[in-house]
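Presented below is the structure to which this report refers.
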């Protein structure tokens, strides 16, 4: 057990510092913005320092563990810890949240509440990734939903209340299944009920019970990931949310579902996961081609990017379902990779909206000459999204492909069929991404409109774009930077399976 509460400080600091902002006298929007940015930078530096000096990459066990009795009556503990599976997502959360708050500089209405909600969401997300207690994981999972709902309903487009209501109905409804799974898995014990994830990982269950628990957790995580057909909240939410909120949704929130699938479904319920993995493989494959074929029909810019996120999440599901070392490593790399790519694309879509106040691709055109910096960055990040060699998406998808090929669980014809359908999806991806760029930046529609003034990317926007792009290129050139963090944990998880 760790004697200094590093993780507790990292989890509690953002929401605590954000709460102070609500009670301090109003000093103007700029003060609140810079205060929030300083909090995020300090949090990111503290997280990086803690992990650099206290995390051992060759140890697959839980590190920096903290275990404090919280509620005696319920035998409830505040258990935190990290391993190779969670360290990457925690660092991703810190990086994307800092960029999202910097991107939210134009927000002036209810600035104090807006930035407090962003910080509360930050704490909930880090708490979910570092929880080593099932009930604490559930509480953090729910804590993160409240700020998202308020951010959607108060700052967004004309249909923001509809999209916020749809979001909360889907996620709150799925949380019921998560709670049932948490109670079921914790109450069944050989000696006494436990919520400790480390102890639960070494526990076996009757096959029927394991299947029931697996389905409950799967529904909860399938909504958040999202998996088809439980994805319909995502395009509406992204289409109406402020682009800084979209950055957090695409960059972090979707990854929580994939993280839960690995942390709970795959690690705690290996027999059920082995039984359900072929179905997950089918769903992931269909998801890639479904989203890639549906996306070109979306006339709303942000909805089209949202469908690209659905397609990319299909690769993560396939990697998890492959039950192989390369497949799971590729899925983890894709989680980090798409976190940066998705957040960056939504940011650039938002900066375009700030200039022209349009989201319909049919009304756009001809912006490349007036805003060459934004055009260049959007083109590069579109290439990253379609998995151009040299970018992180290419490496992640290639490793997932390799994981399918080397899997001993599936027959040769099944693997050939899966790879063939995935390849079709990858061919469709450039069609909807490049056509999106063509509709936005080429042609003469907006150039011929009078009283339209364009201004190119400013220093803040250019810094945000470059900050998102550099990790994408870095992981594309040297993916071992991410893979080395999780490799030992992946081997530990796969040791519960008889093939791989």
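Placement of Cβ uses the backbone N, Cα and C atoms for every residue, glycine included.
Which of 330-350, 351-371 counts as transmembrane segment depends on Swiss-Prot, and there it is 330-350. When the ranges 59-76, 113-130 are checked against Swiss-Prot, the one recorded as transmembrane segment is 113-130. Contact check: the transmembrane segment (330-350) against the transmembrane segment (4-24) gives fewer than three Cβ pairs closer than 8 Å, residues 6 or more apart, which falls short of the contact criterion. When the stretches 87-107, 211-231, 305-325, 416-436 are ranked by Cβ pairs under 8 Å to the transmembrane segment (466-486), first place goes to 87-107. In this chain, the transmembrane segment (211-231) does not touch the transmembrane segment (35-55); fewer than three CB pairs sit within less than 8 A of each other, excluding pairs fewer than 6 residues apart. Note on the transmembrane segment (113-130): residues 7, 10-15, 17-19, 21-22, 32-33, 35-36, 39-40, 43, 80-82, 86, 89-90, 93-94, 97, 100-101, 104, 107, 136-137, 139-141, 143-148, 150-151, 154-155, 244, 248, 252-253, 256, 259 of its chain, located 6 or more positions outside it, place their CB under 8 angstroms from a CB of the stretch. Same-chain residues lying 6+ beyond the ends of the transmembrane segment (87-107) with a Cβ under 8 Å from its Cβ atoms: 10, 33, 36-37, 40-41, 43-44, 47-48, 51, 55, 114-115, 118, 121-122, 125-126, 129-130, 155, 242-245, 247-248, 251-252, 255, 259, 332, 335-336, 339-340, 343, 347, 350, 354, 460, 463-464, 467-468, 471, 482, 485-486.
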